[in-house]
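If you check TrEMBL, you get these features:
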{"type": "BINDING", "residues": "R22, E87, R126, K460", "note": "(6S)-5-formyl-5,6,7,8-tetrahydrofolate binding site"}
{"type": "DOMAIN", "residues": "222-381", "note": "domain 'TrmE-type G'"}
{"type": "BINDING", "residues": "N232, T251, I253, T256", "note": "K(+) binding site"}
{"type": "BINDING", "residues": "232-237, 251-257, 276-279, 362-364", "note": "GTP binding site"}
{"type": "BINDING", "residues": "S236, T257", "note": "Mg(2+) binding site"}
Amino acid sequence: MWDDTIAAIATPLGEGGIGIVRVSGPEAMGIAGRLFQSASGANWRMKGSHRLFRGRVVDPANGRLVDEILLGVMRAPHTYTREDVVEFNCHGGIVAVRRVLELALSAGARLAAPGEFTRRAFLNGRIDLAQAEAVIDLIRARTDTGLEVAAGQLTGRLSRRVRQLQDELLGLVARVEASIDFPEEDAGFNSADDLECGLADLIDAVARLIRQAETGRVYREGISTVIAGRPNVGKSSLLNALLDENRAIVTDIPGTTRDVIEEVLNVRGIPLRLADTAGLRETADKVEKAGVERARELLQQAELVLLVIDAGAGLTDADRELIKLAGHKKGLILINKSDLGGAAVITEQLREMDSKPVLSVSARFGTGLEQLLDAIGNLVLSGAVAPAGDLLVSNVRHQDALKRCLNHLKAARLSLAGHMPVDLAAIDLREAWEALGEITGTAVSEDIIDRIFSDFCIGK
Ligand SMILES: Nc1nc2c(ncn2[C@@H]2O[C@H](COP(=O)(O)OP(=O)(O)OP(=O)(O)O)[C@@H](O)[C@H]2O)c(=O)[nH]1
Ligand SMILES: [Mg+2]
């Protein structure tokens, strides 16, 4: 437990129905006592926990009324942080909320660091690290599926599975160590077989989690996608058609788009981070040139490429060059303006080039867009599991820990199979156990914890 009390604005700054100042720590009740006057005159501090009281915040320095509020009172230990928590539910204007925060700070609280409330929840043992990470995923979720994965992790689904695997591992470690201590016991042979069996099961289980992790990551982080192609082929029109709004400027002048325009699109539950870019060509125009350079960079960085070709113009040398440039990338070739005809010929020519999957669309008339979304979904998940019902590891940090765990398990299997000294296997099994512990935070360094919570917003 901490001896200081933290405070922060927990709602977004701006105009809204309510704005909340949250205070947590041993002085939370004392601070509320100094600032809050209950409307009924009753002594709220004598009443129970988890209750709301109507009243006013008054500046103790001059007796001035600051706001009429509802005070939420939650006493330790059944609170978000496991500490005493009070929440000032103010009228949601910037000034009122800031004033109440200032008063809380001058009454003895310290401004909370990003994620510090959740960090206390973790350090006070209410949630583990994977659950704390789920909090930020939940806040940042951009699709229902992303939300579902995060919510499952917040309830401790992943943590339970990891602890289960850790228990099984400990069982193996104990047996390996027993065979070190009593090498002559003639339980010998059978138990070695047993051990290998147990180890093989564990390897399967961890490998399965890793296989599904890529899907989880996609649902959580989305896919960076770039729409690229020569000028005037209809890239911006395509972005607009997919978003169903006039987001990017469209004209019949080649070189219209200069800056990168990014939007998130929900494709079958996957957040597609779509970037419309400047048409790729040599140009003397300084501004357009900068845009083209940016587009080339994005083309290299993106995970998914949508290469657009103009059906009306036919397949040009520049198109062919672009297709080669993006050859190693996951993506689709879109023959846009298919309403103008000519798509069939281009499809045939592309088939000879043995390029990416090809689709005909018309951004202007909205044709082929559903097929496009399906194709993107298939490409990204490439037949991977649907999240419903499955436990999905969505976080790269967790994925990395699982991979290290798997490596140690495999190393242990190798030493056992090669009749190496059992101590070697025991060391690997212990390290595998620790790698799993990094996920839930039982074995994790302060640096990693700092990094995780610095990602949070203040007030969470
Ligand atoms: N017939 C037809 N015209 C289209 C279609 N899609 C776009 N266009 C037209 O093509 C022209 C160029 O469209 P944009 O979306 O600005 O093309 P762009 O690829 O973004 O062009 P730059 O930003 O200059 O690289 C506009 O006149 C659009 O109306 C389509 O599906 N069919
Ligand atoms: Mg454009």
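From the backbone N, Cα and C atoms, a Cβ is placed for every residue, glycine too.
Where the annotation comes from TrEMBL, it is an automatic prediction and has not been curated.
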### Query
If you measure R126 ((6S)-5-formyl-5,6,7,8-tetrahydrofolate binding site) to T256 (K(+) binding site) at Cα, how many Å is it?
54
#### Entry: Among P254, T257, K460, which are recorded as binding-site residues, the nearest neighbour of S236 (Mg(2+) binding site) by Cα
T257
### Message
I'd like to know which of the binding-site residues listed (E87, T251, P254) lie near ligand 2, counting only a CB under 6 Å away.
### Response
none
### Task
Could you state the whole-number distance in Å separating the C-alpha atoms of T251 (K(+) binding site) and A278 (GTP binding site)?
13
### Query
Among all the protein chains here, how many other CB atoms are within 10 A of the CB of K235 (GTP binding site)?
32
## Note on the structure
E87 ((6S)-5-formyl-5,6,7,8-tetrahydrofolate binding site), Cβ-centred 10 Å count of other Cβ atoms over all protein chains shown, is 21
### Query
Given the binding-site residues N232, S236, T251, T256, which one's Cβ is surrounded by the fewest other Cβ atoms within 10 Å?
T251
## Note on the structure
Whole-number mean pLDDT, the domain 'TrmE-type G' (222-381), equals 94
